[in-house]
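S.K.: Swiss-Prot lists these features:
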ACT_SITE  144  active site, proton acceptor
BINDING   30, 31, 32, 33, 34, 35, 36, 37, 38, 53  ATP binding site
DOMAIN    24-274  domain 'Protein kinase'
MOD_RES   2  N-acetylalanine
MOD_RES   4  phosphoserine
MOD_RES   178  phosphothreonine
MOD_RES   300  phosphoserine
MOD_RES   304  phosphoserine
MOD_RES   306  phosphoserine
MOD_RES   309  phosphoserine
MOD_RES   325  phosphoserine
MOD_RES   327  phosphothreonine
MOD_RES   328  phosphothreonine
């Protein structure tokens, strides 16, 4: 369904007469966010430093519901552990989203200069847990916890960001069953499209803890599609290496395949690893200073993506599998079920044609680029699937889901 940019409404939308280019001074670009470019800026009225996310709604037409969702969630949050949202302005087809500026970068940025020690990890995890405890108390699920979505201020304050796939639980709907998130960090029950709740964030936190310790999540050397098969089938990842027993136990607690046995965020704040090792957030400024030194030494070739994580220009997904841009998997909502930017009834849909089938065919054709007859057969098969999808929207999703179920069943039958 097409959307006219002028018809877009989001919480905190300012009077359309107000010109954001007069109210704010746009400075250097600091990254590419979930749906557009992000700039450092100055509020000319207060001289406050802000982050300005600018989205061309004509180009981001398919993502408008996700943009509304992110702004809706942020506008409802009032926590020092969640990125603050100040308001939005519409100028032509450009939506200006004004947010809190966090100049310390993302945890993923800081990891580029090297892994963290356990005191730094415990300190960062404690702040993430405070953010999750707040969100879960508000019946919200982040659904995309990872180092790229954890931002720091220059003083070391830690905040959760990127709420484009966040979900809202109601009193009558205590679990969700929508396939969203990022494969490497995704909980088994989310991949299987089973009913899930805030405990899915706890699994992602456990994977993030490993990421902070090792510099990357488990299975990062594998194809993301294979990871989707393996996470529900295999035993949970464990932290291997010279780490303390309490840290390994913290991760094991988060990565229980049965969500009912995972602790809550509030319970994890009392875990021995957090209590004994966490320090004041100012302790994290050493990581920020280290990253600045690392960049000054000429190690950084890519632009930092501190204020948004979808492109993750330095991430292992894009480096290892250039044909796949497999970061955050986002839902495709039914516009009829979106009211005031909040999706009331999420559709259980994975965009398999664009996320899985098309990239898979591209890889097959690349592998057999010198075999004309094989490539022609691949193209014919790809066209047939596209025709079937056009005639019966959603049929590809059902087919891939069924293939995953069959694969998992066969794998389980073959297991000793």
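Just so it is clear, glycine is given a Cβ too, placed from its N, Cα and C backbone atoms.
Context for these features, please: burial, neighbours, distances.
M.R.: Around the Cβ of residue 144 (active site, proton acceptor), the number of neighbouring Cβ atoms within 10 Å comes to 28.
In this structure, residue 30 (ATP binding site) is part of a beta strand by DSSP.
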S.K.: Quick one: Cα separation, residue 36 (ATP binding site) versus residue 144 (active site, proton acceptor), in Å?
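M.R.: The Cα atom of residue 36 (ATP binding site) is 18 Å away from the Cα atom of residue 144 (active site, proton acceptor).
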S.K.: So, in DSSP terms, is residue 144 (active site, proton acceptor) helix, strand, or coil?
M.R.: coil
S.K.: How does the model score the domain 'Protein kinase' (24-274) in terms of mean pLDDT?
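M.R.: Reported value for the domain 'Protein kinase' (24-274) is a mean pLDDT of 85.
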S.K.: Per DSSP, residue 36 (ATP binding site) is which: helix, strand or coil?
M.R.: coil
S.K.: Between residue 30 (ATP binding site) and residue 144 (active site, proton acceptor), what C-alpha distance do you get in Å?
M.R.: 21
S.K.: Can you give me the Cα-Cα distance between residue 38 (ATP binding site) and residue 144 (active site, proton acceptor) in Å, rounded to a whole number?
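M.R.: Checking the Cα atoms of residue 38 (ATP binding site) and residue 144 (active site, proton acceptor) gives a distance of 19 Å.
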